[in-house]
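Asks: Below is a structure I'd like to ask you about.
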């Protein structure tokens, strides 16, 4: 059924109205695409004041995300707003938060060339443009492996220069040679083509000096070419996509904010970290300062693609900055893009803590908590976002736990108790961990088991049916040797806990405690109740677990030799299979002679064995047609299996 034109227009108007776009962006201010759609709407209405305000808001939140600056600058350049462009360039290309991106620098070059017309400005204008090219070359182009377009533009500009006299001609030739010299010593795309272009140019310029100049540069070129091939392999899996302008921006080339619990693909993060590690090896044998500039450039490029990955920000901060003042500036920027990140929050709090700035430490934690609470309140009650809510509750609790411990360290127990007081008001927005953490904090710092026990008793009001909480409570009572309280907790909890995995652990814990510190009749009674609840559990498994010492099942180690799976695994493996059993079995198989190992379990899949069985024997081939090591490297580095892609 087709819709009428009126219906289509009404739907479009509804979907793209200013209010709808504003509400969409306000609901998720980390979604850059929502902001760009609103900017696109403003510009379609020639409402450039509002588009500028929104761009300014984005620059404030994401000052190191270069594509936003590039899109904004291009929009202003199209309308010849040179004063605005100049102010924007000063903001993004200088200062503590300077960007370093070739597309952004290319926009700067466009501005310089438009402002300095060679026809009207003559030699003075040319000098300004050449100075701008040199700046971009030193700041950015020598580090960028995809810089061939810049080098072509630079050389093209110099080749178009029509000298007025011999002195100018010689100056032009020297400049061209200097550019080639800089360019051919660094790894970048089309390096080989540029070398051929250079040798031809030298021969056309002066056949007498060509061999000398080419010879001087040859070794550096060969080294750069070799390193570029290596760099290609290192960066093969890296996806570098950025919008050319506002119209081409979409979800495929703009970073998307996703909660960590929904991040399934970390291949890009791993690929970028691999490139950074390779750069740090200094294959180009640069000076310490030059190496740092090059690695910093790659970090800033990684941020363009991994804006919402806290790890890349943390790595960058720890590499680039040696003092806490500089680190704080970048960590603040990182937290604006990742406002719920525990890693970045804790690191920034540390920077303030070493300066004994209690108020700044509190502000740091409170900002992260406020953002988590905002997200939690937005998502709470939506069944489709249940995994988000679980993550938000766990992260919120974790932040509060570290906040509480930090304030104890910084300002004493009363400050920590004040933080815990705030947590109690949040009730079900928190997990049980805050009560457990506070109980241990009270006990460790005051040796006060009464207050700690009261805290855990209070937690039962909210988590009385939480098997994990009951288990942790029992551990604490066991530590204090409060057997009677432990039994009371056990009896009042076993009917409330619905999670059978946790319930089984509660029973086993109580049986183990009675076995060590109680009496055997109580153990037998507990075992009877246990087997009524879990009739499929192997008798000897429970028996051997009961005789653990220092949490080590010696019966299995010394007598059962891991032939029986541990149904009541101490590590909480839902399968019940002892992971150490699996690990040792693999290790034992690897230590067997080849003949025995093949009989017990083939190392190769059946399909591979079938192929090997029909291949001709090696004695039929006099020469090697295939290098197996190269084939393995090729398969590892270049071939993606279907399962890996999914």
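Heads up, the Cβ atoms here are built off N, Cα and C, so glycines get one too.
Quick paste from Swiss-Prot:
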type	residues	note
REPEAT	46-78	repeat 'HAT 1'
REPEAT	80-114	repeat 'HAT 2'
REPEAT	128-160	repeat 'HAT 3'
REPEAT	171-204	repeat 'HAT 4'
REPEAT	249-281	repeat 'HAT 5'
REPEAT	290-322	repeat 'HAT 6'
REGION	571-599	region 'Disordered'
Asks: Note the mean pLDDT of the repeat 'HAT 6' (290-322), expressed as a whole number.
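Replies: That region's mean pLDDT is 94.
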Asks: Taking the repeat 'HAT 2' (80-114) as reference, which of 171-204, 249-281, 290-322 has the most Cβ pairs under 8 angstroms?
Replies: 290-322
Asks: Give residue numbers and ranges for long-range contacts of the repeat 'HAT 5' (249-281): same chain, 6 or more residues beyond its ends, CB-CB under 8 A.
Replies: 28, 30-33, 36, 65, 67, 71, 230-231, 234-235, 237-239, 241-243, 291, 294-295, 298-299, 302, 304-309, 311-312, 315, 387-388, 390-392
Asks: Count the residues of the repeat 'HAT 5' (249-281) that DSSP assigns to helix (H, G, I), to strand (E, B) and to coil, and report the three numbers in that order.
Replies: 17 helix, 0 strand, 16 coil
Asks: Which residue counts does DSSP give the repeat 'HAT 6' (290-322) for helix, strand and coil?
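Replies: Secondary-structure composition of the repeat 'HAT 6' (290-322): 27 helix, 0 strand, 6 coil.
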